[in-house]
Amino acid sequence: MNLNSLITNNVTQGNPGNITGESQNSEFWNVTEVESLLNAPFNDLIFRAQTVHRQYHDPNGVQLSTLISVKTGGCPEDCGYCPQAARYHTGVENQDMLSLDEVVSAATAAKDKGASRFCMGAAWRGPKQRDIEKMTEMVRAVKSLGLETCATLGLLKPGQAQQLGEAGLDYYNHNLDTAPEYYEEIITTRQYQDRLDTLQQVREAGINVCCGGIVGMGETRRSRAGLIAQLANMNPYPESVPINHLVQVEGTPLYGTAALDPLEFVRTIAAARITMPKAMVRLSAGRQEMSEAIQSLCFLAGANSIFYGDKLLTTGNPETDRDRALMEKLGLHALS
Ligand code: SF4
């Protein structure tokens, strides 16, 4: 399928995800349509993604988020990719919740290095009320530094999103991880619907939604299309869409999964950009193992946000100096 037929295809299906589309989520992307994007000739796909990207975003701007783990390891869930699940033996050391001072000094350092958003992650099934109270203190303190705030704390109980929102939380991250039909291969201790319920609470509390998934977990191209369709069909779709490449950690069930062709990762980024034109698409986990060339293709395909800092919860991330050097080489600048 060439570019014109891709565009025509979507126009005839009334799909405003075409390159002249304006509205956010007056459309529905079925899995086959997204799969058609992923199947398109690479040049056509990237051209279309870049065209959409330029309609809605600064073409050379990249948003920088720093992520820290405020409570590490010992999680009761069984996410097959996660080194923090208590049931897997991965060598991750459990760490109790950080103090407010520790979080504030990490946020200050992130801001000094140029981050505009500070994300706090905790390895829980979901927070208890006493955890929410500590998290709201952290959110207030980080926000007072002039940073955007984001938290990823697991499943939320009724009322918890509202408390976080009242404290000034800007974004809540909760990923769908994969397509519904592949989900049970990856996680059995929580259901897809549990995730959607938490995302609904976040929306209702007026907090921006950060929601994406992981590729390279042994899924098919159709399942990658299924993930993107799920995200794009949320109404509205997430403001922030992290696309992660599986980081294989020894001791987790997904260790040893056949490696994904890196260009397939780029295609997934492009499909996210085309189907969610206004979202910030974040090139997330797995960047440390990616060449500069592949990362550059991801930016060309519409990624405009990265995690910035040498650690992502428990796995590695490129050093900030390397990221700065790559951005300079590509003429990219940090978005404030
Ligand atoms: S991804 Fe989150 S919920 Fe799943 S095991 Fe890891 S820390 Fe727990």
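For all residues, glycine too, the Cβ spot is worked out from N, Cα and C.
The [2Fe-2S] cluster site recorded in TrEMBL includes Cys119, Cys150, Cys210, and the single candidate from Arg48, Arg54, Arg282, Arg287 that the record places there is Arg282. Taking the centroid of the Cβ atoms of Cys119, Cys150, Cys210, Arg282 as the [2Fe-2S] cluster site, the other same-chain residues with Cβ within 8 Å of it are Ser65, Leu67, Arg117, Thr152, Tyr171, Asn173, Ser240, Pro242.
Less than 6 Å separates the Cβ from ligand 1 in the case of Cys75, Cys79, Cys82, drawn from the binding-site residues Cys75, Cys79, Cys82, Arg282 in sequence order.
Compared over the binding-site residues Cys75, Cys79, Cys150, Cys210, the count of CB atoms lying within 10 A of a residue's CB peaks at Cys210.
Here Cys75 ([4Fe-4S] cluster binding site) is positioned 20 angstrom away from Cys150 ([2Fe-2S] cluster binding site), judged by their C-alpha atoms. Annotation for Arg282 ([2Fe-2S] cluster binding site): same-chain Cβ neighbours under 8 Å, separated by at least 6 residues, are Gln63, Ser65, Gly212, Ser240, Val241, Pro242, Ile243, Ala303, Ser305, Ile306, Phe307.
Neighbours of Cys82 ([4Fe-4S] cluster binding site), defined as other CB atoms within 10 A of its CB across all chains, total 25. In sequence order, Ser65, Thr66, Leu67, Ile68, Thr149, Cys150, Ala151, Thr152, Tyr171, Asn173, Phe307 make up the list of same-chain residues 6 or more apart from Cys119 ([2Fe-2S] cluster binding site) whose Cβ falls under 8 Å from its Cβ.
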